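First comes the structure, then the notes that go with it.
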Amino acid sequence: MRCILLGSGTSTGVPEVGCHCRVCRSEDRHDKRTRTSLLIITDAGKRILIDCSPDFRQQALFAGIDSLDAVLLTHEHFDHVGGLDDLRTICWHRELAVYAEQNVLDSIRDRLHYVFRKNPYPGTPLLKLCEVKPDMPFQVADLTVEPLRIMHGRLPILGYKIGEMAFLTDMKDIAAEEIECLKSCRLLFINGLRYRKEHPSHQTIEQAIDTIGQIGNPESVLIHLSHHAPLHQEHLEILPPHIHSGYDGLEAIIDEKGIRIKDFEPHVSRSEYHYQDCGRIGYESALTLQRKLFHDAVADKLENRKPQNTLLFCEHEPVLTLGKHGHEENLLLSESELKSRDIRLFHIERGGDITYHGPGQITGYPIFDLEQYGIGLRSYIEMLEQCIIDLIAIFGLKGERSAGASGVWLDPDIPGRTRKICAIGVKSSRHITMHGFALNVNTDLDYFKLINPCGFSDRGVTSISRELGREQDFILVKQQLEAVFRRNFGAL
């Protein structure tokens, strides 16, 4: 499990507005603190956010957060919930579960009234509010979460124990039974506002060190630090070896090998690609372009040069293409009839059977070096399918794979309702790909009556516009799809 400290500061952050103390003037990045928040990435890749601070947008850009599986809130104070509206770019099209006590959920409903009213304001985040009760464990993703009762002065709030890690912020007091529960922790995030001067609702650093000792001296990270805490470098000199001065961008990794504390390093893609929107282009011209890019990439590999990866998006005039293993009997009219309709048939080197390309369809041709991405051909095809599945989910459509057939389908397991929304057929040589996918956006589906699409006579074909009952902004859909490609392939 990875724990990334997105923010390590108290409610005012550091530097504090209007303050000129030496901590606020420090040029050490470790002394610059946004409001406290923690991102957990599970071994299965699920992402859980603890508290959503007013600095979430800045923190998310730093950490490359583009999806979350759940949000856990400790209490309703603004420095812990002020970033909830910024979740809109992550969950405007699918629900995100937010876990908190009932009084916190009520506060959120009041604060974000425009989100939860009968007719929500367009584009607001889809938040599913889930009640949590102290000492009643619940499941989030692949983890068991144990809520713990702690006191924030007179205000009862929650801490969270997740496996062998615990997160306690804004705590002043904790009961003996909760201390006992924490003794199995190997990693603890715990608040310490300032070194020694008493505060009515927060622990001091000295008190935090004492609490850590009561728990059994697990590896610990101090959080929710103010500008009255020591400078980071001075702090390192006075803290015991197992207690770390938290800072924005600290990462703690906990596994069977132990616990490692390090600087978080934002993910860098193994390989970028060049994107080219070819607009409306004849199929033959696009085929010539991809073949040139493909042969240039293969030649680069033969000369031990790094090939350039290219993603082409095209929109074609009506045309039919037949893969190298396709069956001409799946063309339901003669070539002379095709000619009379001014539709050309191309025999091409991709896999798959016969399909149609035409206006309103995004035809994508990735010329990618799969070795740069560290994947094989099967994983690549699954990645193409996943990109389409992720895109159409934005429109509320559930895309799925179908056993024994490539592409993306709707209702693949319901006889008589199965329909294909995206066809996939590729060629690969020396791990370089060409051809790709055809996604029906505003496509005239009558053309598919001329063929058994992809060799199937018992399955239908659909488009995004057919499913939603209205034409889509084609340019916007292309932009959204390219962003999905950039995210998914960039994560490899």
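Going from the start of the chain as shown, residues are counted 1 onward.
Glycine is treated like the rest: Cβ placed from N, Cα and C.
Sequence annotations record features per position, and here Swiss-Prot assigns region 'Unknown' to 1-255. Positions annotated as region 'LipB domain' by Swiss-Prot: 256-492. The domain 'BPL/LPL catalytic' feature in Swiss-Prot is assigned to 305-492; the stated evidence is sequence analysis. What Swiss-Prot lists as substrate binding site is Arg350, Gly351, Gly352, Asp353, Ile354, Thr355, Tyr356, His357, Ala423, Ile424, Gly425, Gly436, Phe437, Ala438. The annotation site 'Lowers pKa of active site Cys' is assigned in Swiss-Prot to Lys420. The active site, acyl-thioester intermediate annotation in Swiss-Prot covers Cys454, and the record cites sequence analysis as its basis.
Counting other Cβ atoms within 10 Å of each Cβ, the lowest count among the binding-site residues Gly352, Gly425 belongs to Gly352. Counting only same-chain residues at least 6 apart in sequence, those with a Cβ under 8 Å from the Cβ of Phe437 (substrate binding site) are Thr363, Gly364, Leu384, Ile388, Gly407, Cys422, Ala423, Ile424, Gly425.
For the pair formed by Ile354 (substrate binding site) and Lys420 (site 'Lowers pKa of active site Cys'), distance between Cα atoms is given as 13 Å, rounded to the nearest Å. Under the three-state DSSP scheme, Arg350 (substrate binding site) falls in the coil class.
Sequence-distant contacts (6 or more apart, same chain, Cβ under 8 Å) of Tyr356 (substrate binding site) comprise Pro318, Val319, Leu320, Ala438, Tyr447, Phe448, Leu450, Ile451, Pro453. Those residues noted as binding substrate (Arg350, Gly351, Gly352, Asp353, Ile354, Thr355, Tyr356, His357, Ala423, Ile424, Gly425, Gly436, Phe437, Ala438) have their most widely separated CA atoms at a distance of 16 Å. Counting in whole angstrom, Gly352 (substrate binding site) lies 14 from Lys420 (site 'Lowers pKa of active site Cys') by their C-alpha atoms. Residue pair Arg350 (substrate binding site) / Lys420 (site 'Lowers pKa of active site Cys') shows a Cα separation of 19 Å. For the recorded positions Arg350, Lys420, the ranking by surrounding Cβ atoms (within 10 Å, all protein chains) places Lys420 first.
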